[in-house]
């Protein structure tokens, strides 16, 4: 129960708020790490298990790693540009951050488009009933979908950053806000690199078909 | 923003539902209908699930737009930050009871919202339990059909799991914790409201499950059975996905608040034990629940997109589901249990007028339980055939976890030892919890043992064991916590005279129900069966009578909650003469809790020691006062 009184809002100083928000964002990233870990575990577990020899059924063509790395490359570039921009902002160079945010936004959108294009290019024949053929294709499509989801969120966050930078919302004392976005950029890029390495070098199953269920 | 409330949320939700349903039909079904050949049945199945998922998504998105959850993010992107006046409106200033039906950011409002939704869920889940027990009263009852029975068992399970996960961290973690640490609000007030309204939006989806085909799997939703279940299963999977997002958001918010917003002087050794319990719970949920979410995402993809994660004929594995599920499933027990025990640890010194015995041991015990809880999941899979060589290590970790749990018992007993115990209803909850949890804990040790588990796995013994833990310990602890903090949250005293009757009738009924269940489980009755052999008739009849007794007790208790809330005696600001900060602020609590933040100079359990604090004066702190 709350009583009605004359109140005015108390405001904490930007450093305190920044420290708090960095911690909170880090925890949300931990939750996302656990989710991505589950998908990575799924890929490696099913690849190792190779139930009924259906990890990669005969005749299935693996996804071309080049496309994966094209997406990841765009993300790495976006991260570098955004992080350098955030560093410039901390040094008081607002116009540089503004430019960097817009470039990073374009790169995140390019990466998203490339990711969707890769998903359309996957040559995973759907069976007669509409099912994916094998768990490799299921896992690849899911990992690509998760990356597309990451990139959509990244694009929205970067759009907000770029627009707010355009409106002059960021300066040295509030430079912790772009740094928060850098944490997110860093994490989604790391997850793309990990998934890229995994899906490039761990494709064929090392196991004979098992009867595991 | 000012016009949005629960009515607009429902309207937008319905619009979203209808729009998503038609959109999904056009996008997914029309191309198939345009073909000449008849669609294969497998494809029709996928399309049905796809439409179901999209429709549920439409409901939740529409509801969240209608309640105003997206106003903040959209305004942030547009660079239109909230003014102070708008922030005060969002916090519910001068809105009376209407603030409980809006996207209100005040942590106290969110706490009350959580309390109400928890009681509703417990009520629904409890009613389902009565129906289940009625069916099991006689061996060959046809009170419920087998399909309905299976669905109700699953619904009872998941509703109770959701309710018990939020029953402490939701109401008390939101209302009490920020005041207890001397903060003016949560770290992320809008995320706080978001976490609640996500749950509120998805409850109708969960409750719709029996009406859209049901779920035959129980709350564990094991695959590949879930892969073949009716559309109700989509409702289950979708609920879990949204609930996991809500839990992650709430977990990040509460943890940040506790870690970063404690007032000056509140070192970790001066931080109330309840804060440790809540942080341990939500902190454990942050990495644990996303694995459950992933399990349901993969299940949804199998059902709606045609992947084969759990379908052995397509290279999938049921073990994959079991691992992902139990990676969450066992820590989840402690997510429920730890904050309830911590709430009782918090109130025990108040009613014994003694310092908490070995505060540090309690912190170590909580930390130990959290650490070990993520290393025990496979004890649920001993007889599944998965990794038999790991059985030994998992048996060891599971048995070791009883050590920190036992340490908590010592803290309780040590605190009460030679104390002048003030036996009010919250303290009675401590006694009941100790009795119940001893039984729940010791039977858990049996089940952690592989040879014993091979005999008892999947039996009513297991059902009785986890009810002793989750209901006997955690729900009992929550009842104690509710009575303890009721005066601060509602401004009125809980009617203990009638409340004690409700509480003890429920406790007696509880023990009758589940001791009967131990009996039939030990004799070999499997769980999740619609009918059973005559040899189990007596035990089941006893259990059903016990369950009805619980129902009567809980109805009395619920009546007392409602009647005390509406017309109970007005409470003073500190009726228990407790020393923690939430009792030092006025009741009702002002919007930002403290005009001037307090400075802490001693621990919160200094009973029996001369202290310059104001705890016993029943006064709000003056500006700059030390507590």
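Every residue gets a Cβ built from N, Cα and C, even glycine.
Positions annotated as domain 'Cytochrome oxidase subunit I profile' by TrEMBL: B:99-601. Marked as transmembrane segment by TrEMBL: B:7-31, B:51-70, B:152-181, B:193-215, B:235-252, B:273-298, B:318-345, B:357-378, B:425-446, B:466-486, B:498-521, B:541-562 (among others).
Between the transmembrane segment (B:466-486) and the transmembrane segment (B:318-345) there are 3 or more Cβ pairs closer than 8 Å, counting only residues 6 or more apart in sequence, so the two stretches are in contact. Below 8 angstroms of C-beta separation, residues 165, 168-169, 172-173, 176-177, 180-181, 221, 236-238, 240-241, 243-245, 247-248, 250-252, 254-255, 258-259, 307, 309-310, 320-321, 324-325, 327-329, 331-332, 334-336, 338-343, 345-346, 356, 359, 362-363, 366-367, 369-370, 373-374 of the same chain, each at least six residues beyond the ends of the transmembrane segment (B:273-298), sit close to that stretch. Of the two recorded stretches, the transmembrane segment (B:51-70) lies close to the transmembrane segment (B:7-31), with three or more CB pairs under 8 Å once pairs fewer than 6 apart in sequence are set aside. Counted over residue pairs separated by six or more positions, the transmembrane segment (B:235-252) shares at least 3 Cβ pairs under 8 angstroms with the transmembrane segment (B:152-181), which defines the two as touching.
Confidence annotation: the domain 'Cytochrome oxidase subunit I profile' (B:99-601) carries a mean pLDDT of 94 in the model. Within its own chain, the transmembrane segment (B:152-181) is flanked in space by residues 107-108, 110-112, 114-115, 117-118, 121-122, 124-125, 128-129, 131-132, 144, 192, 196, 199, 206, 209-210, 214-221, 236, 239-240, 243, 247, 250, 254, 257-258, 261-263, 266, 271-272, 274-275, 277-278, 281-282, 285, 332, 335-336, 339-340, 343, 470, 474-475, 477-478, 481-482, 485, 488-489, 528, 580-582, 585, 589, 593, which lie at least six positions past its ends and keep a Cβ under 8 Å from the stretch. In summary, the transmembrane segment (B:318-345) lies against the transmembrane segment (B:425-446): three or more C-beta pairs, each 6 or more positions apart in sequence, are under 8 Å.
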